[in-house]
Amino acid sequence: MTTEQTAGDQPLRPSLWRRILDSDLLYSFLRKPVVIVSFVLTVIIVLAAVLAPWIAPHTPFDPASLNLMNGFTPPFSANEFTGDTFILGTDSQGRDVFSAILYGARISLLVGFSAVAFAMILGVGLGLLAGYKGGWVDSLIMRVADVQLSFPAILVALMIFGVMRGVIPPQQQDQMAIYVLILAIGLSDWVQYARTVRSSTMAEKNKEYVQAARLFSVPAHRILLKHILPNVTGPILVIATIGLALAIILESTLSFLGVGVPATQPSLGTLIRIGQDYLFSGEWWITIFPGLTLLVLALSVNLLGDWLRDALNPKLR
Amino acid sequence: MLAMLIRRLIQSIVVMLVVAFIAFSLFQFVGDPINNMVGQEASAQERAELRERLGLNDPIPIQFMRFVGNAAQGNFGISYRMARPVSAVIAERLPATLELAMISAFFALSMGIGLGVYTALKRSGVLSNFIMTVSLIGVSLPTFLIGILLIYIFAVELRWLPSFGRGQVVRISDWWTTGLLTPSGRASLILPAITLGLFQLTLIMRLVRAEMLEVLRTDYIKFARARGLAQRSIHFHHALKNTLLPVITITGLQLGTIIAFAIITETVFQWPGVGLLFINAIRFVDVPMMSAYLVLIALVFVVINLIVDVLYFVVDPRLRATKH
């Protein structure tokens with residue numbers, strides 16, 4: 001979003017850096033320790049996930065690097081046979097739990113971000129269209145949204161997943177699983193964007209600047225994207241942040257239910273599902289550490305979203 | 001008001017037809033049903049005969065009409081995986097899910113209202129702040145993780161409660177089995193019910209708290225205080241009573257969500273209900289089972305939404321007045 005703004009800069013406007021330093025958002029951010037902690041935790045997890053191939057001590061899903069003798073090593077202690085140590089222990093096949101979490105968070109975040117992007121593009125697009133066009137286009141889009149909103153996201157995602165599973169031939173299912181998951185989560189979450197953008201668009205389209213643009217016969221798509229869209233970005237950002245937390249939770253839930261990503265590319269939810277079987281025999285670390293990572297990630301992103309909603313809402317200041 | 005009711009009814013029927021169509025198209029997408037029914041050695045002619053007999057050569061709209069007709073009578077065909085009528089399997093599993101959902105809703109409602117009133121009355125108390133913070137974590141915690149943590153603490157470490165299944169059940173009628181009458185059945189219910197109800201609990205608690213704070217600021221509460229009524233009477237007879245309307249609405253709407261979220265809880269606790277059935281159906285692409293569950297859950301949602309809409313009109317006279 002920053003490049004967009006600098007591109008259209010006029011000489012008189014202060015530099016981007018100056019504007020960030022002077023912004024109310026930064027002021028509010030620096031006065032909320034909880035928000036700073038959430039932000040730092042989110043950044044750490046995202047960086048660790050992105051850099052997983054370079055910082056993970058092991059490559060957990062390369063069978064050649066695994067040693068079965070290392071199986072079930074408890075955290076913080078050396079394996080009794082091989083003497084290897086693993087920070088967070090190993091699972092049944094001697095995989096390093098810490099590395100598995102890094103790679104798992106990578107999948108979780110990849111699916112989460114992609115699903116949010118997909119839902120955002122779809123929802124914003126349909127919302128702009130519905131708000132600007134009105135009439136039967138508007139009623140059709142909003143009726144679909146109403147119906148979808150009366151079912152919980154998990155059910156919609158499961159339904160889409162079930163349908164897709166039927167459409168895709170079985171031999172390709174594992175490769176396609178991530179895309180299907182992104183599609184299912186994205187489709188279950190577009191309504192929020194559409195509703196918000198639609199109501200803002202309806203308010204904006206009657207203002208003078210839009211009328212002026214129309215008078216210059218600027219094409220409709222240009223009015224929507226260049227004139228109206230920049231004025232509705234605040235709410236979109238808030239929904240996207242909270243949506244990211246929801247998408248991550250939804251992805252992990254689906255993977256936990258065994259209908260998400262395949263076991264060869266485990267996300268945090270898959271790791272928790274695999275680890276659950278060993279909970280009863282006392283190997284708690286296999287499931288608890290991925291669970292904690294998921295909790296910290298979801299909680300931090302949620303808190304950031306809450307703060308953003310309050311900070312961008314002038315009524316609450 | 002009648003016009004509005006009819007409109008809502010038509011809307012509900014449209015939704016049901018759309019869901020039925022999705023459920024129906026599952027059959028079209030997913031492989032060849034004939035392959036799922038006959039063995040490898042069946043000849044091409046046998047296949048063609050079966051195809052004709054099952055009506056698979058008819059045009060799609062006619063097949064869809066037949067599907068809707070059958071579904072309306074509760075006939076969803078035979079499960080691919082279990083080789084039994086889908087309706088019988090669902091009827092057998094439904095009591096487990098309904099029992100779990102009811103107990104969770106009761107747990108969420110009673111604890112939610114209690115804690116909501118407490119945190120509203122003792123706004124700045126240490127315990128109130130603690131409860132509010134914990135509830136924030138509760139919202140961010142995925143349901144399955146709550147279940148796993150509860151299993152780890154109460155079943156694995158403390159060994160107080162069972163971690164899976166329904167315990168011993170008693171058959172009280174032809175199709176209803178209950179776990180409420182045996183000690184092991186009741187013990188088995190505790191952890192799943194808490195897992196399932198926790199999210200709704202936090203939701204209800206936050207709602208009651210917000211509504212209570214709102215109501216406590218109004219003039220009639222001040223007036224009641226001025227009259228020297230007992231605090232207890234003001235809080236419970238005057239304030240709480242007026243917060244309950246939205247709470248009942250939300251809880252009603254959440255009942256459908258509880259039944260949907262039972263899928264997760266049932267998977268964690270291997271609870272033999274319809275949610276577990278549905279997940280296994282998705283995993284093994286058991287199309288008749290999937291489509292039956294979709295139609296059933298959509299029906300639950302549509303009926304609940306309809307009832308809540310009607311209740312609004314019954315409960316709130318202002319809505320009735322504007323429509324005349």
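Including glycine, each Cβ sits where the backbone N, Cα and C put it.
Please treat TrEMBL annotations as automatic predictions, because they have not gone through curation.
Taking Cβ pairs closer than 8 Å, the transmembrane segment (B:12-30) reaches residues 60, 63-64, 67-68, 71, 285, 287-288, 290-292, 294-295, 298-299, 302-303, 305-306 in its own chain, all 6 or more past its ends. According to TrEMBL, the feature transmembrane segment maps to B:12-30 (among others).
Annotation source TrEMBL lists domain 'ABC transmembrane type-1' at B:94-312.
Annotation comment: TrEMBL describes B:100-121 (among others) as transmembrane segment.
Within the chain, the transmembrane segment (B:133-155) has long-range Cβ neighbours (under 8 A, six or more residues past its boundaries) at 161-163, 191-192, 194-196, 198-199, 201-203, 205-206, 261, 264-265, 267-269. What TrEMBL records for B:133-155 (among others) is transmembrane segment.
The feature transmembrane segment is assigned by TrEMBL to B:189-208 (among others).
Residues or ranges marked as transmembrane segment in TrEMBL: B:244-264 (among others).
Annotation comment: TrEMBL describes B:292-315 (among others) as transmembrane segment. Non-local neighbours of the transmembrane segment (B:292-315) in the same chain are 1, 4-5, 8-9, 12, 15-16, 19-20, 22-23, 26, 71, 76, 86-87, 90, 245, 248-249, 252-253, 255-256, 259-260, 274, 277-278, 281; each lies 6+ residues outside the stretch with a CB under 8 Å from one of its CB atoms.
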